[in-house]
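Asks: Before I ask anything, here is the structure I am working with.
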Amino acid sequence: MEINPVFVESAIVFAIVGWVHMVLWNQHSWCSIALFIQAFYVQHKWDRLLKSGGAVFQFRPAANSGIVPASMVMPLLGLVLRLRCSESGNVYLERFSMVITITGMMLALFLSLIALGITRPVPTNTCVIAGMAASAILYTTKQTLTVSEVIEVLEVLLIFVYLSLIVLFLLPRCFTPGEALLIIGGISFIVNQLIKRSLNLTEVKGDPINYFLPVVVVGSLLLGVFFALLFCFMESETWVSSVFFHIMTAVLSLGILLPWLSLFIGRHPIMWLLDFVTFTDRRLSLLAYWVFLAVVATCVVLHQNYQRQSGSKKHQASTIVRKYFHLIVVATYVPGLIYDRHLLHVASVGCLAVFLFLEYVRYFRIRPLGQVLRQVLTLFLDERDSGPLILTHIYLLLGMSLPIWLFPGPCAPKGILPGAGGLIPYAGVLAVGVGDTVASVFGSTMGEIRWPGTKKTIEGTATSVFAQIIAVAIFLIFDSGINLNSSYSWIVGSITLVAMLEAYTFQIDNLLLPLYLFILLLL
């Protein structure tokens, strides 16, 4: 009997959900289980809808809807963050974590209701299960959140609705429904938090570093939506349009985003950044090293394109060539994690801003680099880049950076979590930089026995787990801040579960795997 990989993927996610709630069973646990069950039913219906071509928007082809793995990320993340903040006595962040949990549940529930609303005939059994899950979530929301927190959840939901309509209309075939839930849901939450803090500047506090990411995300979103709508009515490839694009980008950055950011950090961002970068000689050395790696990556891209133009029969970069960039990113992040995580945080946010800007230049064909970037980057496309955007490199950056951006420093004693929590900032390096890279290289070159229903091999998965264990041992040697406290079995189990998810998921593994490993290590 042929095994359906979607069922196996759901079973792995359910195992992660069960593992989490074995540790922190509370009133939200029943809601999480109910949410998983209804997401499983809805995913089956939506997969059938996608195959029949009856979906309202055009989603990424050759992939399932991914409702189950995407629906559980934000609720589980909020639950484990709440556990850590409760243990540290941080009441504010404990309440904030509860908002994250309920927001994730409500977003997943809303997306599931949309799927049921456009399915014909309407599946009665799935509607009953969704109704039961919605009742449990609404009752728990009433019991655990204050009125102001409920309003905050509704604000995120409203932003999510509008952004979904805009993004899915402007960018067809770029996302699966699950990926849209993760990406647009995360952006909606960031937008709402930035607006909330902008309206209450007297309550703004914390590390200035934490305000760079929200401002960059919101600024990039405004820039993309503005020019996407503008270039519907005018040609983007002319020099006049290109000059206008660069001028408006400078106006948005210098005239709106920098003053906005200065309100949060209390001084001019550029002066703060200069003082931050030059604070120690080590930071200057790290920046020089990262510039060198960026030059190496650029040389790899140019060399591959030169081979294509010189008459080589190979028109697309192989899996192994694409994994070169994973190794370069690992070489970039590991020294930053060991020696200066604050600098790595700021640098990764800056790199995200540059990547998004260059993607806009490529997408709109802005002169003088638009057409060049389009020709250069098409060599590295894979089946996941089926829409108008090329997002693989951005997903790689996000996968490596999300554990650093989400690292719960205020909820950790002296900024360091005990046990497996010491590996939390390394979750992206382990899951994507080491695990995914080794699984792809060894699976494609040496693998012979395939997991039932997939193209992934058992040899690739086993080698991935082994490589991540070796990486953990290396981190223990060089990073004195890691103290596993005999939590080795938990680490091996977490790595194995995430490696199995990599073998069976059809979603963007660069985005999904680090988040699940982050959740498990945070317990």
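The first residue you see is number 1, and the count goes up from there.
Backbone N, Cα and C define each Cβ position, glycine as well.
From TrEMBL, for reference:
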TRANSMEM  12-41  transmembrane segment
TRANSMEM  62-83  transmembrane segment
TRANSMEM  95-115  transmembrane segment
TRANSMEM  178-195  transmembrane segment
TRANSMEM  243-266  transmembrane segment
TRANSMEM  286-303  transmembrane segment
TRANSMEM  324-339  transmembrane segment
TRANSMEM  345-365  transmembrane segment
TRANSMEM  386-406  transmembrane segment
TRANSMEM  426-446  transmembrane segment
TRANSMEM  458-478  transmembrane segment
TRANSMEM  490-522  transmembrane segment
Asks: Of the listed stretches 286-303, 345-365, 426-446, 458-478, 490-522, which one has the most C-beta pairs under 8 A with the transmembrane segment (178-195)?
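Replies: Highest pair count goes to 490-522.
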Asks: Short question: which residues 6 or more past the ends of the transmembrane segment (490-522) have a Cβ under 8 Å from it?
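Replies: Same-chain contacts beyond the flanks: 5-6, 8-9, 12-13, 15-16, 19-20, 62-64, 66, 69-70, 73, 76-77, 80-81, 83-84, 176, 178-179, 182-183, 384, 391-392, 395-396, 398-400, 402-403, 406, 408, 417, 419-421, 423-424, 427-428, 430-432, 435-436, 439, 451, 453-454, 456, 460-461, 464-465, 468-469, 472, 484.
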Asks: What else in the chain is close to the transmembrane segment (345-365), if you only count residues 6 or more beyond its ends and a Cβ gap under 8 Å?
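Replies: For the transmembrane segment (345-365), the sequence-distant neighbours (Cβ-Cβ under 8 Å, at least 6 residues beyond its ends) are 209, 212-213, 216, 219-220, 223-224, 227, 231, 236-237, 245, 249, 273, 276, 287, 290, 336, 371, 373-374, 377, 388-391, 393-394, 397-398, 400-401, 404-405.
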Asks: May I ask which of the stretches 12-41, 243-266, 286-303, 458-478 has the most CB pairs under 8 A with the transmembrane segment (426-446)?
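Replies: Per the Cβ under 8 Å count, 458-478.
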